[in-house]
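Over in TrEMBL, the protein carries these features:
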- 20-39: transmembrane segment (TRANSMEM)
- 68-84: transmembrane segment (TRANSMEM)
- 96-117: transmembrane segment (TRANSMEM)
- 123-144: transmembrane segment (TRANSMEM)
- 247-264: transmembrane segment (TRANSMEM)
- 279-298: transmembrane segment (TRANSMEM)
- 438-456: transmembrane segment (TRANSMEM)
- 462-484: transmembrane segment (TRANSMEM)
Amino acid sequence: MAAPLMEKLSESLGSTEPAVRLILSVLVGYPCALLYRRFFFHQPPTVIHLYHAISGLSLAAFNFGTQLYHSALCVFIQFLMLRLMGRTVTTVLSSFIFQMAPSSIILVIVFIQFLMLRLMGRTVTTVLSSFIFQMVYLLAGYYYTATEEYDIKWTMPQCVLALKLIGLSFDYYDGGQEPSQLNPEQQKSALAKVPSLLEMTGFSYFYGGFLVGPQFTLRSYQRLVAGELTDCPGHPPNSVLPALKRFSLGFVCLAIYQIFSPYYPDSYYLTDDYDAQPFWYRCVFILLWAKIILYKYVSCWVIAEGVCILSGLGYNGLGQNGEHQWDACANMKVWTFETTPLFTGTISSFNINTNAWVARHVFKRLKFLGNKLLSQVTALAFLAVWHGTHSGYLICFSMEFIIVNVERQAQALVRDSPLLTRLANSPLYPLIYLVQQFFHWLFMGYPLVPFCLFTYDKWLRVYSSVYFCGHIFFFTLYLVLPYLRKALVPRKERSEKKED
């Protein structure tokens with residue numbers, strides 16, 4: 001009965017059935033949160049964990065059917081690793097590998113991991129093993145299910161879950177360290193003991209974050225279950241209005257995407273008609289397409305954030321002015337996303353919690369390398385691999401690395417040059433802003449082309465049609481900026497900069 005109904009609904013909306021199931025599941029989070037507030041807020045933790053686990057597993061079954069066993073198996077294996085291996089680096093590395101391996105070799109890996117754990121004990125190797133374990137399972141899932149199109153399948157929530165479980169192993173490892181060895185962020189998320197299997201299941205399948213995120217720590221989830229994440233202690237939070245605001249904003253973004261996306265389909269890039277258009281038209285199409293395509297992600301994240309706010313998970317304490325904040329699970333800063341003329345501004349306002357996870361568990365933990373640039377490259381390479389096995393992801397994040405570093409050099413030049421500083425603060429700035437926004441969104445769309453087209457034969461065709469203008473533009477800037485700095489920055493400023 002449900003299948004024909006979903007088929008008719010998807011046809012009437014002009015969307016695919018998996019996409020309709022996904023957005024319905026995200027929306028179902030709101031009644032789930034209301035039920036939690038009304039009937040479960042004052043219940044014991046066991047009851048709350050059970051409610052979150054059942055609701056999340058039901059959503060997983062609705063979307064992926066029997067394939068929900070992938071996520072359930074990963075949660076169970078992660079629980080066993082934490083129980084058996086303890087606070088070791090092997091636990092984290094094993095967790096990383098496991099989330100990316102084919103299910104046919106899971107039992108062998110688990111047995112080997114068990115032997116490693118018994119032999120290694122509480123060592124750094126356990127954390128590393130957990131890290132590798134989770135990633136192998138996810139990558140194998142990508143490999144065996146990959147197509148040349150964007151598909152909504154079990155690997156989508158699996159990539160969210162992989163980060164959750166890897167982060168969990170890191171947090172458990174941190175819980176065994178001396179507080180003086182941890183930074184404030186690590187101290188806040190460190191775990192004193194292994195969670196129960198039911199608690200891990202509730203955390204993993206929490207309806208506000210299982211399908212599309214956001215990322216949050218087990219300590220945050222524990223505070224939610226304990227009733228601590230509220231602006232009125234002992235009672236459900238006054239978060240209905242903030243949640244409705246995010247829902248409304250997310251619905252507007254979804255409407256924009258649904259209305260305009262048919263006019264800017266990915267498939268148009270691969271037509272003779274696109275190739276026949278003038279160069280300027282091809283570039284403008286990339287710009288407009290990028291703006292529209294990103295609303296697909298923005299809408300889901302903002303709506304899901306509203307669910308987290310409604311449940312209380314989004315509560316973030318008091319702000320500087322004493323007002324209650326509800327942005328603990330914010331995955332988007334929509335105003336910044338729409339108005340910033342900077343690439344770094346867009347990146348920092350987009351998929352915030354995932355970027356924060358990578359910064360906390362990859363970038364900052366590579367401090368021992370002693371090279372910030374190398375840590376940045378490694379973090380972006382991890383993001384590319386985490387997204388999938390297609391070459392387009394690697395191209396996208398390599399372009400992000402180039403663009404961000406060139407922009408930082410350009411910002412430093414404007415800041416240190418008296419002439420450019422005066423120009424930036426002159427009455428001409430509105431015109432400069434418009435020009436900057438044009439190039440900003442054109443070259444935001446440029447790396448998104450391989451991200452969305454996946455395979456090299458597709459993105460190479462599009463890049464060839466625009467003459468690799470993004471690569472030429474930024475590599476030219478990279479070579480020219482040092483000479484512009486010599487010409488526009490006074491010698492005194494340059495010498496002071498070198499000393500710093």
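Heads up, the Cβ atoms here are built off N, Cα and C, so glycines get one too.
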>> Do any residues, 6 or more residues outside the transmembrane segment (247-264), come within under 8 Å Cβ-to-Cβ of it, and if so which ones?
In response: 13-15, 23, 30, 285, 288-289, 292-293, 295-296, 298-306, 334
> Do the transmembrane segment (462-484) and the transmembrane segment (20-39) come close, with at least three CB pairs under 8 A (pairs 6 or more apart in sequence)?
Replying inline: no
>> For the transmembrane segment (279-298), give me same-chain residues lying six or more residues beyond its boundaries with a C-beta closer than 8 angstroms to one of its C-beta atoms, as numbers and ranges.
In response: 250, 253-254, 256-257, 260-261, 263-264, 266, 268, 332, 334, 337, 350-351, 438, 441-442, 444-446, 448-449, 452, 465-467, 469
>> Within the same chain, where does the transmembrane segment (20-39) have neighbours whose Cβ lies under 8 angstroms from its own Cβ atoms, ignoring anything closer than 6 residues to its ends? I mean 6 or more beyond.
In response: 6, 9-10, 13, 48, 51-52, 55, 59, 62-63, 152, 156, 207-208, 211-212, 236, 243, 247, 254, 300, 303-304, 306-307, 310-312
